[in-house]
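J.: Straight from TrEMBL, here's the annotation block:
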type	residues	note
DISULFID	33-156	disulfide bond
DISULFID	70-76	disulfide bond
DOMAIN	34-176	domain 'Peptidoglycan recognition protein family'
DOMAIN	47-182	domain 'N-acetylmuramoyl-L-alanine amidase'
SIGNAL	1-27	signal peptide
């Protein structure tokens, strides 16, 4: 029979391996991932330059935006757009600096997104995912919904192959001269899985 005589070439085997690999990545359980508001949904401007990361990345850096908080999508969209505008027009960056932003309502907003280099922590942008909670969390924590969304986001990243299963998590203040992610939130993330207390400025 024909199938007994078939001898796949090396190129064919490579293609089959790649298909198998990408099938496994895309098969991540949707239950692991929170609702993500895509760039086109919040009205993102086009990035002027895109640099890709080597997956999976080893670090996660938690920030706060030091803006007002938001729950409802129309208000959150405006805040995310204003952050992108500030990053592009004032900082002269190619796009919004964070990979993702999380609102108190529990929605996650796609910033620069997965496997793209952001501009949130000098020296770590190419090898980390920057997640920013929308608001100022110096004195109070994000909502339970927002914190749960962050946990799902991290599990999602591992399931998709974007984050190393042994990733290390930091507050932005551990890696750069900033008050971010605020005293209250920074105290909280020290109890999260994968938090690395070894780094201090």
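Numbers run from 1 along the shown chain.
In case you wondered, yes, glycine gets a Cβ from its N, Cα and C as well.
Locate each feature and note its surroundings.
T.: The Cβ of residue 33 (disulfide bond) lies under 8 Å from the Cβ of 152, 153, 155, 156, 159, 160, each of which sits 6+ residues away along the same chain.
In the structure as shown, the Cβ atom of residue 70 (disulfide bond) sits within 10 Å of 21 other Cβ atoms.
Mean per-residue pLDDT, taken over the domain 'N-acetylmuramoyl-L-alanine amidase' (47-182), amounts to 97.
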J.: Which numbers of helix, strand and coil residues does DSSP report for the domain 'N-acetylmuramoyl-L-alanine amidase' (47-182)?
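T.: Residue counts for the domain 'N-acetylmuramoyl-L-alanine amidase' (47-182) by secondary structure: 41 helix, 31 strand, 64 coil.
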J.: Long-range same-chain neighbours of residue 76 (disulfide bond), Cβ under 8 Å, sequence gap at least 6?
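T.: Spatial neighbours, sequence-distant, of residue 76 (disulfide bond): 37, 42, 70, 103, 105, 107, 109, 134.
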J.: I'd like the number of other C-beta atoms within 10 A of the C-beta of residue 156 (disulfide bond), please.
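T.: Result for residue 156 (disulfide bond): 22 neighbouring Cβ atoms inside 10 Å.
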